[in-house]
Amino acid sequence: MSQNVISQPVEAQQSFARAVTESLPGLLLVCAVALVASFVAPKLEAYPLFKTYLSLKDFILAIIFGIIIRNTVGVPAVFQPGLRYSTIMTKTGIVIMGSSYSLAGLVSVGAQALVFIAVFLFGTALVMMWLCRKVGMSTPLAACLAAGMSVCGVSATIAIAPAVKAKNEDMAYSIAVVLMFGLLALIAFPLIGKVFNLTPEQFGAFAGVGIVNSAQVLAAGFGFSQEAGIVAGIYNIGRVVFLPFVVLMLAIMAAAQEAEQGNEVAKINKWQMIRDKFPLFVLGFLAIVCLNTAGVLTKPEVKMAKHFMEWAFLLGFASIGLTTRLSDLRAAGLNGFLFGFGVAGLKAALALAAVLLFMS
């Protein structure tokens, strides 16, 4: 009995040490890509093209360099375990980002943000379900596309899939469409922001509702400017807060469509779905905001937190790039690309129009 009790902590320590050892090569690769991106970005600013139009700051370059490495020389298996932490890194950055806001500042940005987000999220989801039905797509595929294109990209697609009994092919198709537009948005959105001379607040809102995938929202926002990245982050948080409610709406719509077709439909537990899909890291962000509002964080600590936030995002984006396989985008095919790009492009155009009209 006592030997078993003693052996458990030892086994846990060995397991932790093994996980660290396995993850180390990948984490070092992520750090190397992030460092190269942070070194190259200021050099590009010396060229008028990049300074005036193409905002290829380190956040965007980290993703681009990662993608180039992954899809040219490849990433050997020994590095794979260390690339699993992209989501943890980006969510850590979002939590730390709370140090940049007080409750009053959050409310001033958040009130308008919630209106924009609600209109675009639910509007996009409803339009996508209607369009997909018109072109004859299956209900599960339609729900996956609607969630991915309206809320937060890949995460939303994964969240809705079990609720609508989506197949792996449905998820792959939806994720491919989301990633294709997200990669294009990394370059196009900052360029559009410069052409229309958007303020950081305007661009943050534009990226926050116009770009499909969460990681690209943050990368494009910080790629435009530090202030725009913070605002885009607030919009991104608002989007993921709405995630369980959009998933619930789509699940109910999908169930209704399946019932119309005479298929058996499982009962939906609404409160359990909302609870299970709620993003807990948002609570961490709000906790940091409250600490900053209460004056617990000193100015040096806030400055240090800003550096931690930047590096958390930079490492997360590098990891995302290193795990992005362009071959996976073939799952959507040409028709899927055109369909998804058309909807995402329309959403982006409407987002730009709304920002110019209501935030001038």
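Just so you know, glycine gets a Cβ as well, placed from its N, Cα and C.
Noted in Swiss-Prot for the protein shown:
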| type | residues | note |
| --- | --- | --- |
| TRANSMEM | 20-42 | transmembrane segment |
| TRANSMEM | 57-79 | transmembrane segment |
| TRANSMEM | 100-122 | transmembrane segment |
| TRANSMEM | 142-164 | transmembrane segment |
| TRANSMEM | 171-193 | transmembrane segment |
| TRANSMEM | 203-225 | transmembrane segment |
| TRANSMEM | 232-254 | transmembrane segment |
| TRANSMEM | 278-297 | transmembrane segment |
| TRANSMEM | 310-327 | transmembrane segment |
| TRANSMEM | 337-359 | transmembrane segment |
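Between the transmembrane segment (57-79) and the transmembrane segment (232-254) there are fewer than 3 Cβ pairs closer than 8 Å, counting only residues 6 or more apart in sequence, so the two stretches are not in contact. Only pairs six or more apart in sequence are counted, and the transmembrane segment (20-42) with the transmembrane segment (232-254) gives fewer than three Cβ pairs under 8 Å, not enough to call it a contact. Under the criterion of 3 or more C-beta pairs below 8 Å, with sequence separation of 6 or more, the transmembrane segment (278-297) and the transmembrane segment (100-122) qualify as touching. Most Cβ pairs under 8 Å to the transmembrane segment (100-122), among the stretches 142-164, 171-193, 203-225, 232-254, 310-327, belong to 232-254. Between the transmembrane segment (232-254) and the stretches 142-164, 171-193, 337-359, the greatest number of Cβ pairs separated by less than 8 Å involves 142-164. Proximity of distant same-chain residues to the transmembrane segment (310-327), defined by a Cβ-Cβ separation under 8 Å and at least 6 residues beyond the stretch ends, is recorded for 29-31, 33-34, 37-38, 58-60, 62-71, 75, 79, 83, 85-90, 92-93, 96, 179, 183, 215, 218-219, 222.
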